[in-house]
Amino acid sequence: MNAGLQSPPAVENRPVLTLLIAAPRGFCAGVDRAIEIVERALERYGAPVYVRHEIVHNRFVVEGLEAKGAIFVEELYEVPDGAPVVFSAHGVPKSVPAEAERRELYYLDATCPLVSKVHRQAERQLEKGRHIVFVGHAGHPEVVGTMGQVPDGTMTLVETVDDVAALPFESDTPLAFLTQTTLSVDDTADIVAALQARYPDIEGPKGEDICYATSNRQTAVKQIAPASDLVLVIGAPNSSNSVRLVEVAERCGTNARLIQRASDIQPEWLEGIGTIGLTAGASAPEVLVREVVDRLAEFRTIEERTIESAVEKMVFKLPRQLAD
Ligand code: SF4
């Protein structure tokens with residue numbers, strides 16, 4: 001154990017640390033809704049309720065739901081016959097509800113409505129006879145889910161501007177593009193610009209499909225990073241929007257670290273640091289932000305300021321089965 005952890009300085013000897021806390025941060029409407037779906041399903045159907053994949057990418061949230069009786073699995077075959085199952089906020093390929101129906105499983109879909117919107121756009125573009133170029137990160141569950149909305153071979157994934165240059169299509173091929181909801185706003189703008197330059201007739205959403213929560217959190221981190229010596233982002237390594245926040249802070253020229261819990265903070269990180277920027281990805285609850293503030297207060301006298309760049313009022317309806 002680190003010596004600093006064992007003996008924090010006496011209160012009167014703690015130098016001031018300015019904390020710039022980004023707003024908005026943390027939970028988005030899609031995450032709120034997904035967690036509420038699992039909680040209401042537990043109340044209504046009793047434990048256990050199965051959840052396919054981490055409902056949102058946060059261990060604290062997952063463990064809290066496990067304690068209430070949720071069982072997390074990766075695939076549907078792990079769900080016993082007759083048990084209710086919830087699909088995670090990231091969305092699932094069409095084959096998953098189809099298999100649930102074949103097995104007559106009772107399922108609830110916690111896919112974020114903003115991800116479902118991209119799924120519907122994919123279907124519409126396919127009906128118009130367009131091949132879809134999807135901008136996203138290979139292997140992320142949202143990407144697997146969106147690519148699984150259309151038949152194999154009708155959607156091509158690109159991750160970078162170089163991938164756009166390597167696409168095999170002629171410039172007059174009927175194409176459409178869609179994007180993952182949790183990408184870097186700046187990187188995606190570059191990729192979309194490259195697509196539009198190479199394929200002038202490509203169709204797409206206005207701008208991209210990056211959701212309001214992802215883009216608001218990136219804007220908020222840009223407000224705090226330039227004035228910070230270090231930015232801490234609370235989030236999981238498999239949380240796309242959290243990892244993007246670290247990148248955005250770094251692009252402002254500021255050191256940034258992704259942390260899952262306050263206990264990840266090492267006292268030596270604070271050496272020579274006068275201002276810390278703090279934010280949280282869309283799947284990280286506010287309680288973890290307060291935990292980090294308390295942890296930092298063990299070493300420093302905290303002067304806390306919230307830097308607000310937007311106010312969010314988005315709320316999504318629950319699925320019909322749970323709405324009353
Ligand atoms: S980050 Fe965006 S797309 Fe993902 S759950 Fe939240 S609101 Fe929905």
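Including glycine, each Cβ sits where the backbone N, Cα and C put it.
Positions annotated as [4Fe-4S] cluster binding site by TrEMBL: CYS28, CYS112, CYS211. Among the features that TrEMBL reports, isopentenyl diphosphate binding site is placed at HIS57, HIS90, HIS140, SER239, SER240, ASN241, SER283. Marked as (2E)-4-hydroxy-3-methylbut-2-enyl diphosphate binding site by TrEMBL: HIS57, HIS90, HIS140, THR181, SER239, SER240, ASN241, SER283. Residues annotated as dimethylallyl diphosphate binding site in TrEMBL: HIS57, HIS90, HIS140, SER239, SER240, ASN241, SER283. Under the heading active site, proton donor, TrEMBL lists GLU142.
Taking the residue listed as 'active site, proton donor' as the reference point, the binding-site residues whose C-alpha atoms are within 10 Å of its C-alpha, out of CYS28, HIS57, HIS90, THR181, ASN241, SER283, are HIS90, THR181. Distances between the Cα of CYS112 ([4Fe-4S] cluster binding site) and those of the binding-site residues HIS57, HIS90, SER239, SER240, ASN241 are shortest for HIS90. With a cut-off of 6 Å between Cβ and the nearest atom of ligand 1, the binding-site residues HIS57, THR181, CYS211, SER240 reduce to THR181, CYS211. SER283 (isopentenyl diphosphate binding site) and CYS28 ([4Fe-4S] cluster binding site) have their C-alpha atoms 7 Å apart, to the nearest angstrom.
Within 10 Å of THR181 ((2E)-4-hydroxy-3-methylbut-2-enyl diphosphate binding site), counting C-alpha to C-alpha distances, fall none of the binding-site residues CYS28, HIS57, HIS140, SER239. Classification of ASN241 (isopentenyl diphosphate binding site) by DSSP places it within a helix. Neighbour list (HIS90 (isopentenyl diphosphate binding site), Cβ cut-off 8 Å, at least 6 residues apart, same chain): HIS53, THR111, CYS112, VAL115, HIS140, PRO141, GLU142, GLY145.
Cα separation, CYS211 ([4Fe-4S] cluster binding site) to SER239 (isopentenyl diphosphate binding site), rounded: 14 Å.
Under the DSSP three-state reduction, the residue listed as 'active site, proton donor' is assigned to helix.
Candidate binding-site residues: HIS57, HIS140. Fewest other C-beta atoms within 10 angstroms, HIS140. In this structure the alpha carbons, written CA, of SER240 (isopentenyl diphosphate binding site) and CYS28 ([4Fe-4S] cluster binding site) are 14 Å apart. When secondary structure is read from DSSP and collapsed to three states, THR181 ((2E)-4-hydroxy-3-methylbut-2-enyl diphosphate binding site) falls in the coil class.
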